[in-house]
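Encoded as structure tokens, the structure appears first; notes follow it.
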Amino acid sequence: MTERPGDRPEERRRTGPLGDDADQQETRRVPAGENRQEGTRRERPGGTDDADARAETRQVPQGPPQGPPQGPPQGPPRGNQEKKTRIIRASGRPDTTADATPYPRGYFEAAEDREDRLRDMYGGVDWLASFIGFVFAVVVGAIFSAVAGVVLAPLGFSPDLTESLGAAIITGLVLLGVLIFLTYFFGGYVAGRLARFDGGRNGAMLLVWTFLTVILLALVAGVFSGFLPGGAANAIGGFVDSVSSAIGGLSQAGVVGIVVAAAALLLALLGGFLGGRLGSRYHAEIDSTT
């Protein structure tokens, strides 16, 4: 039987099982070990075509290397695409870059969103905080009333506005206006400090508590005076009589009385509002630095 050239093992190894035209991609033999340069051949004393050399070689296609490119990945270009930062500095520190602390651009926006959410949840009128501020204002007002009595008595101040406005009356009215402003200012500060949010609104609520308290005491003095101890009934009745006499004196003074009453209400409202804003600012400063 005649053996064809393609049936010889050497020919099959040289041309491949499908012949020379079956695979157009050229192949070459490279050593299977690592750290060998391309195109090198494993040589042994017995030659390069022995069985051991063929066992340690493999065929790899020639062409451009496949797979991802070698080398460290290149990141996005720096410059305008770099994340912007904002610098904050602690209060009382010199304006130097060394003392500055960088924060991402979105840090302050997130803090503002958190502040808005907390304000929506816990903002508005805090009745307890405003009532405690009103109680504090009553205590401060009692102290200021004692001081005003000591100062105004030597000046000959008279609360009767139907008389001609002299220097003593004008001085006394100015001093009373200052005391009213300070009384509601300190009470508003306590209300704003306790409420945290909307301090100005809670400070202004002191005036509402004032009207409610006067109405409640007048109701108690007129209806429930018989159920109260003698000392408490006399104290409440005396307070109601003094308030009613002051209102009657302002109404008899005409335009001057109306102006004085409006000025007193405006000073009380302004003092409570500013005090409440100052009290809530304490919490805002803490939130801005944390």
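Using N, Cα and C of the backbone, Cβ positions are placed for all residues, glycine too.
Because TrEMBL annotations are produced automatically, they should be read as predictions rather than curated entries.
What TrEMBL lists as region 'Disordered' is 1-107.
As annotated by TrEMBL, compositional bias 'Basic and acidic residues' applies to 1-14 (among others).
Annotated compositional bias 'Basic and acidic residues' per TrEMBL: 25-57 (among others), in sequence order.
Under the heading compositional bias 'Pro residues', TrEMBL lists 62-76.
Taken from TrEMBL, the feature transmembrane segment applies to 127-153 (among others). Listed by sequence, the residues of this chain that lie at least six past the ends of the transmembrane segment (127-153) yet keep a Cβ under 8 A from its Cβ atoms are 172, 175-176, 179, 182-184, 186-192, 194-195, 202-203, 205-206, 208-210, 213, 272, 276.
If you look at the transmembrane segment (165-192), the same-chain residues 6 or more away from its ends with a CB under 8 A from one of its CBs are 126, 129-130, 132-134, 136-138, 140-141, 144-145, 147-148, 151-152, 155-159, 199-200, 202-207, 256, 260, 263-264, 267-281. Positions annotated as transmembrane segment by TrEMBL: 165-192 (among others).
Long-range neighbours of the transmembrane segment (204-227) within the same chain, counting only residues 6 or more positions beyond its ends whose Cβ lies under 8 Å from a Cβ of the stretch, are 125, 127, 130-131, 133-134, 137, 184, 187-188, 191, 233, 236-237, 239-240, 243, 265, 268-269, 272-273, 276. Among the features that TrEMBL reports, transmembrane segment is placed at 204-227 (among others).
Same-chain residues lying 6+ beyond the ends of the transmembrane segment (247-274) with a Cβ under 8 Å from its Cβ atoms: 133, 137, 159-162, 165, 173, 176-177, 180-185, 187-188, 191, 200-201, 203-207, 210. Taken from TrEMBL, the feature transmembrane segment applies to 247-274 (among others).
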